[in-house]
């Protein structure tokens with residue numbers, strides 16, 4: 001009975017790997033993390049007013065960042081934004 005359970009577990013893990021591996025290589029991931037260029041602009045939770053750039057799906061656009069929080073789709077310059085996301 002023990003070998004049957006082991007074989008079942010190996011089969012299950014193999015199928016799970018085959019099913020999930022292509023998703024890990026999809027365009028929504030970059031170096032194992034969700035591609036930040038696809039995230040919406042996020043002002044953050046603080047009240048400061050910093051000019052930042054985010055990728056909107058086509059190009060880089062300005063937005064006002066509050067100074068803390070937010071997500072990875074914020075860049076200090078348009079050039080930095082385009083370098084990271086221009087080919088997204």
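Here the Cβ of each residue, glycine as well, is placed from N, Cα and C on the backbone.
What Swiss-Prot records for this protein:
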type	residues	note
SIGNAL	1-27	signal peptide
DISULFID	37-85	disulfide bond
DOMAIN	37-85	domain 'BPTI/Kunitz inhibitor'
DISULFID	46-68	disulfide bond
DISULFID	60-81	disulfide bond
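Recorded features from Swiss-Prot, shown on the structure.
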residue : record         : DSSP class
37      : disulfide bond : helix
46      : disulfide bond : coil
60      : disulfide bond : strand
68      : disulfide bond : coil
81      : disulfide bond : helix
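In sequence order, 85 are the disulfide-bonded residues from 46, 68, 85 with a C-alpha within 10 Å of the C-alpha of residue 60 (disulfide bond).
Listed in sequence order, 44, 45, 46, 48 are the same-chain residues six or more apart from residue 68 (disulfide bond) with CB atoms under 8 A from its CB. Within 10 Å of the C-beta atom of residue 81 (disulfide bond) sit 23 other C-beta atoms, taking all shown protein chains into account. In the structure as shown, the Cβ atom of residue 85 (disulfide bond) sits within 10 Å of 21 other Cβ atoms. Within 10 Å of the C-beta atom of residue 60 (disulfide bond) sit 22 other C-beta atoms, taking all shown protein chains into account. Comparing the disulfide-bonded residues 37, 46 on other C-beta atoms within 10 angstroms of each C-beta gives the minimum for 46.
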